[in-house]
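Noted in TrEMBL for the protein shown:
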- 62-267: domain 'ALG11 mannosyltransferase N-terminal' (DOMAIN)
- 300-465: domain 'Glycosyl transferase family 1' (DOMAIN)
- 21-47: transmembrane segment (TRANSMEM)
- 232-253: transmembrane segment (TRANSMEM)
């Protein structure tokens, strides 16, 4: 028998074998699919019975916020407390729940912390559901495939939250989009989301494609074309899943036009998406008078941002060092960089220690102050006394700290990217601040601000204060209530 005939027989036998296995495989797939559907239906019925029993006891609908880090002191937490206050004032008969992963604190301590940091007091108590597995969404747990790991972890954390308490309306206020289908399809809830920052974006894809090293793109990947290509595929696949999960939301709120563009591209829900600028406590800062600072002997450059890697505090320190190198004697001693921010966990605290070490290494430790988790009154005092407000995050989704600096009367110097292009814009054709994107640019801009006459600085500060009225608590509450009205209307029927 010829070799090619023997090969033909082998191929025929292989085809017959695969054909005989085809029907059993199809049957197995159908059986497994049916089991999965029945399991989902069973879980959904069990969860809905739990909600019905709770509604019978309490006789009021419940709105739940998913915010695992609600005791942190960042802008996202300010959104949470302002949103809760607005809903409690509007819907007097509703109950409210917050899912949090904070341990070692009580609900009363969390609310007291919100009042101390943000000067926000809720009109009524809220119930806290304390989740035990917040570690599942910690970035440190996933040194590789961090986005995927945190997203899968958020599903398990969301499952814990759902089994602990089944609400009528579920609002994700931290950006855990993969919890949305869980609460919608298993919990039978009306779901909404407030997106501070897209988990994946076209900008992130561009960083990988261009092989540009950043805090979330390691050098060993950016320097390797094969690894960079694989990461692009990974990001594209993840973006598809992220879009499918986000599209489950009945109402989508985003914090800037920059975020809006990315979310519309990924979630594809334009009819359900609206821009709701986050609340900034501008009223508290507007009380401070704006006057010329001609008598000011020392200039404080104040940064307000949580101590997370994406905030790029290292850029602030290095730029400040370049500024100090241009000055000698009393001129150098007259400058102080004040770094204010919240620490969420030990990882953030270790980051502060590394920043302190960088200050020692660069020889500027005597001119840099760190202030962690400070109360609101001290924050207000620092900002109203600052000459320059400093912000360095690349593609910041919004930047509440930027708005607060402008309202307080500091001349803002922010990164030339992201939503800062929404905020640091001319008012009536006049400048409201400065933008930069690297060490030299920041150092030059700081030098320029300090070289301005007190009258010129005052004019910029006045324009900036007038421009931030659109970011007030009142504007946020009105926009938030309008965006969530479709969800709440379903509970009032």
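Note: Cβ is positioned from N, Cα and C throughout, glycine not excepted.
Note that the coordinates shown come from a computational prediction; the quantities given were computed from them, not determined experimentally.
Residues 162-163, 166, 185-188 of the same chain lie 6+ residues outside the transmembrane segment (21-47) yet bring a C-beta within less than 8 angstroms of a C-beta in it.
Under 8 Å from some Cβ of the transmembrane segment (232-253) lie the Cβ atoms of residues 145, 147-148, 151, 172, 177-178, 180-181, 184-185, 190-195, 198-200, 204-205, 208-209, 263, 266-269, 272-276, 479-480, 483-484, 486-487, all in the same chain and six or more residues away from its ends. Averaged across the domain 'Glycosyl transferase family 1' (300-465), the predicted model reaches a pLDDT of 91.
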